[in-house]
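Reviewing the structure listed below.
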Amino acid sequence: MRWNSNLIDRLHYVSFGIVLATIPLPMILNNIAIFIFIFFSLLNIKRVKLIKKTTWLFFPVLFVLSVGSLLYSCDLANGLKGLEKTLSFILFFLFVPTLHINRSQIKKLLNVFAYVCLLALLYCLLMATYNVWSTGSLYIFNPENLVNENFFLYHRFSKPLNLHAVYFGMYLVFSSSIFLNKFKNCEKKGKIYIGILLAFLAVGIYLLQSFSVLVAYFIVLLVFFLFTYKDKLNYIRLGLLALAILLPATLFLNKAKVFKGHVFEYTIEDDIHSTNWNSLNIRLAKWEAALAVVKENNVIFGSGMGCTQNRLNEMYKKKNFTIGYQKKFNTHNEYINYLVELGVLGVLCYLFFLDSGLYISFERNDFLLFTILALIAICGITENILGVNKGIVFFTSLYYLVLLKNEKE
């Protein structure tokens, strides 16, 4: 059967929309959507030339470095499994340029992602409300870490989606940037509508209680206000800006108050039930162990794909970091993870990508490109964003879509 090219283009466009719509949903749905998108991309691959600009090339270079690291990996089987995740780097690099779409369609695709995230946030709010009503309490005891968790806050809030609070927070911040991008060109009624959506998203971002996400959100708002309203800032806008500055600081102070002892101090030998551990100092302990791994291995090329977790577990045991060994913690830092896995070469590649991308976003006044790079740069300080599918697919699909939007302008 001979496929009509216009029909292929429409189905290809819809399939990518489904990929974006399923990012906040269960992984199996997103994987199915990606396979459908790949199918239509292969039908279109001969019709489109690859874009070979610097901003497009980071992920292919990273993929090549990862493949090369298999030559000296201590666990080849695990390295091959890890390589499967990084295939998304290549897939979206190859296949997003095959989309035969215009600027209007790209905006619709971005809107699909933003509105699905709004619905996901509403679902979490409804589920939290139902849980409070059904249990008769705002809190539920978590036997794993021996704390009472609020149904409306942090990981417990995003639990109905089986999503980590940081990843869901990133989705909501990027959705906010999509609406902010539309806000400046809207009429008064449109601005009121978008303002309501932005306020709703802001509530969700705060409830997720991620310090790194709130910092990224503040910086995104700051850049938006300074670039859009730099010549006409008034008291209301300055007040909103001040509020955005205070939110991360307030969250940090509130978290610090509940911890016993000094928030950054820790004894690495403390067990899982120690009241001294908190979300801040436990990361410092992970980073201490990870940097010790770097010193013991090849600093230039790293330990190799698939070897990182093995090396970390060995170091946790060596340092008597019981909770780290029991829970098999990763580095919880994108920069340190590249340093451990691919060495100085890998982390320099990553830093060059971030710096060049941010430079281009300012040069072109591209707010969406700035937002997604700011999210990955800031949230990557506390999480391995590009180490899990929910982070990889979110970032690579939307990053290349934003770059494609630039190519159409």
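Here the Cβ of each residue, glycine as well, is placed from N, Cα and C on the backbone.
Caution: TrEMBL annotation is automatic and unverified by curators.
The annotation transmembrane segment is assigned in TrEMBL to 12-43 (among others).
Sequence-distant contacts of the transmembrane segment (55-73), counting only residues of its own chain at least 6 positions beyond either end whose CB sits under 8 Å from a CB of the stretch, comprise 79-80, 82-83, 86-87, 89-90, 92-93, 298, 301-307, 341-342, 345-346, 349-350, 352-353, 356-357, 360, 396, 400, 403. The transmembrane segment annotation in TrEMBL covers 55-73 (among others).
Under the heading transmembrane segment, TrEMBL lists 85-101 (among others).
Taken from TrEMBL, the feature transmembrane segment applies to 113-141 (among others).
If you look up TrEMBL, you'll see 161-180 (among others) marked as transmembrane segment.
Taken from TrEMBL, the feature transmembrane segment applies to 192-223 (among others).
Taken from TrEMBL, the feature domain 'O-antigen ligase-related' covers 197-351.
Residues annotated as transmembrane segment in TrEMBL: 235-253 (among others).
For 335-361 (among others), the entry in TrEMBL reads transmembrane segment.
If you look up TrEMBL, you'll see 367-386 (among others) marked as transmembrane segment. Here the transmembrane segment (367-386) has long-range neighbours at 110, 164, 166-167, 169-170, 173-174, 177-178, 180-181, 210-213, 215-216, 219-220, 223-224, 227, 283, 330-335, 337, 354, 357-358, 360-361, 392, 395, 398-399, 402-403, 405-406, meaning same-chain residues at least 6 beyond its ends whose C-beta is under 8 angstroms from one of its own.
Long-range contacts of the transmembrane segment (335-361) within its own chain (CB-CB distance under 8 A, at least 6 residues past either end) are made by residues 54-55, 58, 61-62, 65-66, 69, 287, 290-291, 293-294, 297-305, 307-308, 311-312, 367, 369-370, 373-374, 376-377, 380-381, 384, 387. Simply put, out of 12-43, 85-101, 161-180, 161-180 has the most Cβ pairs sitting under 8 Å from the transmembrane segment (113-141). Confidence across the domain 'O-antigen ligase-related' (197-351), taken as the mean pLDDT and rounded to a whole number, stands at 81.
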